[in-house]
Ligand SMILES: *Cc1c(COP(=O)(O)O)cnc(C)c1O
């Protein structure tokens, strides 16, 4: 459920008309609903009620300061994958003890920064990383709390570019070698083993792969405890999928996912962390764009819009589907047309949808891409020298620009021409 609905014939974010935002901010822009973000976070929190737990928002899905602050104020922790994300979390007021540091390629500089600033735990992904962390922590005279990310060799049944839990993926330590690696961790100075981490992929639409992976974690917990390790925390990752197409059957609900977690690990006397990103932010955001031209091709009609692949790359990168809706509510029973929706960038991949059946559009009309709150703005670039588009946050009847569109000068002045040129 989200808070983007038609009221009086116009699409709104909560109580604010999107046409009104477009008039003030200009198109294209991202808009997020505070109510939807809040609702999604609370669904996870309630789903784990009864278990000691922390819901850590995967910041890579949406790392705007305002979004982080909103979720942090609700009690969320943060899952960060870089020094930059860590700095963002801290800047938004998230205390170190609620920040988990994930990622396959943490540098020593990042480790130092995070150890100095405070961290809940490192999710370590390889032996060389473990040795580096041991060295950095020892140098600083501290102990780094760690879980080790295990790769359970489970097929997440999702898009290959977002699968992370098979042996062919670059993530984690093969579960078959886990005991050996934990034994090594226990001997290294500067490390404190506290648990196990697993994350098998993104946009999972079934619970079965989670169950397979979590049951392997349970078995490993017993083995590692028998080996003498302290396993008091399980980080069970993120990855629960969202309905990108309203017409499709919906993925499992957070409540069902929570019930599965309780069933699998409820008796282990552990604290549970989960790291949802997409499910919290995805359907809490839209991208609003204006049709520049309707171009009638030889055998298809193109709607050329002012958003492009640099603003929202998911369709070009993963062939992802985004539902597209008009900002002016179509009259009931209106005759539909079929369009290719494309951006202005000089790449054939700059296509948002092919042969999509929609109400009629003409130049100057506004449309919204739904489910754009996750992996949208964070993946954008200035390709074709298109300035990053603004982000807007709505709460009730108020809204604010939470990242402004840079001017051309701001964009250009980041380059430096050397004096010898
Ligand atoms: C990407 C990622 C997540 C979040 O995945 P979603 O599908 O957005 O829930 C969580 N944990 C880790 C380690 C990740 O890499």
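Backbone N, Cα and C atoms are what each Cβ position is placed from, and that goes for glycine too.
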According to TrEMBL, 275, 276, 277, 278, 375 bind pyridoxal 5'-phosphate; which of 239, 343, 349 is also listed for that site? 239
By a 10 Å Cβ neighbour count, the lowest-scoring of the binding-site residues 275, 347 is 347
Among the binding-site residues listed here (239, 276, 277), identify the one with the smallest other-Cβ count within 10 Å. 277
Round to a whole number and give the Cα-to-Cα distance in Å for the pair residue 375 (pyridoxal 5'-phosphate binding site) and residue 318 (substrate binding site). 11
Are any of the binding-site residues 239, 275, 276, 277, 314, 375 near ligand 1, with a Cβ under 6 Å from it, and if so which? 239, 275, 276, 277
Helix, strand or coil by DSSP: which one applies to residue 278 (pyridoxal 5'-phosphate binding site)? helix
Restricting the comparison to the recorded positions 60, 314, 318, 346, which residue's C-alpha is spatially nearest the C-alpha of residue 275 (pyridoxal 5'-phosphate binding site)? 60
